[in-house]
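Engineer: So that we are looking at the same thing, I have put the structure below in structure tokens.
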Amino acid sequence: MSEERFVSGHRRPEDARIEETLRPQRLADYPGQERVKEQLSIYIAAAKKRGEPLDHVLLYGPPGLGKTTLAHIIAHEMGVNLRITSGPAISHQGDLAAILTQLSEGDVLFVDEIHRLNRLVEETLYPAMEDFALDIILGKGPAARTLRLDLPRFTLIGATTRYGALTSPLRDRFGVVLQLQFYSEEELTRILMRAARILNVPLDPGGAREIARRSRGTPRVANRLLRRLRDYAQVRADGVITRDVADAGLRMMGVDAMGLDTVDHKVLLTIIHHYGGGPVGLDTIAAATSEEPETIEDVYEPYLMQIGFLQRTPRGRVATRAAYEYLNIPYTDHPDEPEGPVQPRLF
């Protein structure tokens with residue numbers, strides 16, 4: 001869709017520049033994700049004591065939760081270089097070979113969207129991950145032979161929003177697998193206050209809490225809303241982002257009290273009004289909302305499920321009683337919806 005979406009967790013070009021400015025360098029300065037940080041701190045300390053590279057790491061979860069930032073921190077804590085690429089950027093085996101042969105001992109290679117690697121490239125990656133070796137096929141047909149090149153020991157960090165899309169052989173080659181969770185309002189409030197100090201944005205605690213409440217548990221969304229509200233406060237208020245200023249600005253941007261925007265409403269209303277609340281298939285929802293099925297599944301559904309507005313069932317997606325109540329629509333019982341009340345709360 002062409003409509004600007006303030007609450008999407010996907011990175012925009014303008015996000016990258018700000019995120020570089022706000023990015024912490026140490027695990028101790030990284031807010032939230034306490035379980036992930038505790039595990040990583042142990043694994044990093046142990047690897048450094050042994051004088052070895054860190055085991056390969058797989059980070060998965062919705063977009064905007066800090067997977068790239070963690071890759072930067074891991075490289076910094078290990079005292080090594082970081083090389084960044086993405087699954088779609090490695091289109092041929094030669095591309096991967098060029099990247100791997102340029103790594104130094106202990107370096108970190110971060111592959112974003114690793115689920116989008118093509119199969120041939122992925123298979124070339126297996127011996128590199130397991131044996132730190134690269135198999136190159138010379139010649140064709142019966143005369144073809146394989147030349148094995150030794151690689152420096154390195155750490156591969158893969159990031160994905162679609163854990164289930166990874167093949168089992170690839171998943172099994174990661175020694176460390178960590179899932180990133182949505183952030184609490186308290187954690188997002190701390191993130192916003194820190195960002196405001198760095199960016200010199202006048203933000204009071206009430207304004208920070210209001211932004212955090214509507215940021216869908218996602219730091220990237222919170223920081224993006226902070227920047228847009230800075231503009232709103234400078235033009236429509238005295239420059240300070242208070243709770244009232246944040247509320248007015250977010251309403252102007254179409255972000256409601258639960259952090260939902262017009263796209264979220266369209267998804268829910270499509271299920272309710274066009275398909276009787278469900279169950280309805282993913283492709284059908286995508287066609288009705290003019291969105292890609294992968295976008296519905298990766299961007300919209302995780303948050304709608306987290307707050308209890310949407311359920312996945314064997315027969316399709318179902319809008320919950322909580323969604324009906326929030327949208328002020330009379331509820332009709334659905335046999336596919338799990339029994340028991342679902343509260344519209346993030347945490």
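We count from 1, first residue shown onward.
A Cβ is built for glycine as well, from the same backbone N, Cα and C atoms used for every other residue.
The following feature annotations were taken from Swiss-Prot:
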BINDING   Leu22, Arg23, Gly64, Lys67, Thr68, Thr69, Glu130, Asp131, Phe132, Arg173, Tyr183, Arg220  ATP binding site
BINDING   Thr68  Mg(2+) binding site
BINDING   Arg312, Arg317  DNA binding site
REGION    1-183  region 'Large ATPase domain (RuvB-L)'
REGION    184-254  region 'Small ATPAse domain (RuvB-S)'
REGION    257-347  region 'Head domain (RuvB-H)'
Engineer: Tell me, if you would, which residue among Arg312, Arg317 (binding-site residues) has the fewest other CB atoms within 10 Å in the structure shown?
Structural biologist: Arg312
Engineer: Could you put numbers on the helix, strand and coil content of the region 'Head domain (RuvB-H)' (257-347), residue by residue per DSSP?
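Structural biologist: Reading the DSSP string over the region 'Head domain (RuvB-H)' (257-347) gives 42 helix, 9 strand, 40 coil.
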Engineer: Whole-number Å distance between the CA of Leu22 (ATP binding site) and the CA of Arg317 (DNA binding site)?
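Structural biologist: About 37 Å separate the Cα atoms of these two residues.
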Engineer: 10 Å Cβ neighbour count around Glu130 (ATP binding site)?
Structural biologist: 11
Engineer: May I have the DSSP-based helix, strand and coil counts for the residues of the region 'Small ATPAse domain (RuvB-S)' (184-254)?
Structural biologist: 52 helix, 2 strand, 17 coil
Engineer: Look up Phe132 (ATP binding site) in the DSSP assignment and report helix, strand or coil.
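Structural biologist: DSSP assigns Phe132 (ATP binding site) to coil.
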Engineer: May I ask for the distance between Glu130 (ATP binding site) and Arg317 (DNA binding site), taken between their Cα atoms and rounded to an integer number of Å?
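Structural biologist: A Cα-Cα distance of 40 Å.
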Engineer: Could you tell me the maximum Cα-Cα distance in Å between the residues recorded as binding ATP, namely Leu22, Arg23, Gly64, Lys67, Thr68, Thr69, Glu130, Asp131, Phe132, Arg173, Tyr183, Arg220, rounded to a whole number?
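Structural biologist: In whole numbers, the farthest two Cα atoms are 37 Å apart.
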Engineer: Given a separation of at least six residues and a C-beta threshold under 8 Å, show me what packs close to Thr68 (ATP binding site) in the same chain.
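Structural biologist: In sequence order, the residues whose Cβ lies under 8 Å from that of Thr68 (ATP binding site) (at least 6 apart) are Glu19, Ile84, Phe110, Asp112, Ala159.
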Engineer: In the three-state scheme derived from DSSP, which category covers Thr68 (ATP binding site)?
Structural biologist: helix
Engineer: Calculate the distance in Å between the alpha carbons (Cα) of Phe132 (ATP binding site) and Arg317 (DNA binding site), and round it to a whole number.
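Structural biologist: Between the alpha carbons of Phe132 (ATP binding site) and Arg317 (DNA binding site) there are 44 Å.
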